[in-house]
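Take a look at the structure set out below.
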Amino acid sequence: MSAIPENANVTVLNKNEKKARELIGKLGLKQIPGIIRVTFRKKDNQIYAIEKPEVFRSAGGNYVVFGEAKVDNFTQKLAAAQQQAQASGIMPSNEDVATKSPEDIQADMQAAAEGSVNAAAEEDDEEGEVDAGDLNKDDIELVVQQTNVSKNQAIKALKAHNGDLVNAIMSLSK
């Protein structure tokens with residue numbers, strides 16, 4: 001028996017894994033190359049990670065993953081990444097960041113929401129009533145209900161799309 005060179009990449013399979021691989025060969029599963037990491041998340045947000053897995057796919061779309069599963073602690077990795085970013089100067093430290101109380105943040109969000117609602121209402125008021133022409137009132141109401149826009153905007157969209165309900169609704173819901 002010859003010796004294994006120092007830099008050789010050798011993996012020793014246990015008996016159960018060897019049997020499983022033989023069965024996979026018989027099932028006709030195809031190996032998917034290029035996958036570096038596989039993670040599984042349970043309901044309680046516990047994460048299992050497999051580094052450098054061997055992944056096989058069946059014809060039905062199911063996957064079989066071989067590798068050593070380890071419990072992954074994401075919060076520790078996040079804290080380490082933040083410390084590294086602060087050390088390199090990419091992210092400011094906690095003392096440099098201006099903090100706001102939750103009440104101030106909610107007040108800012110409320111003011112921004114009121115400003116956008118008022119601006120939209122002013123736009124509709126400035127234009128006045130738009131002539132519906134030969135458009136069906138039921139079509140106009142349907143567009144208003146589906147997109148939560150004003151009647152004037154619904155009429156404009158229907159006119160722009162020659163009375164086509166689907167295209168008018170799609171253009172307003174973007």
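Note that Cβ sites are derived from N, Cα and C of the backbone, with glycine treated the same way.
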Q | Annotated residue, phosphoserine, per Swiss-Prot; candidates SER58, SER88, SER93 | A | SER93
Q.
When secondary structure is assigned with DSSP, how many helix, strand and coil residues does the domain 'UBA' (135-174) contain?
A. 29 helix, 0 strand, 11 coil
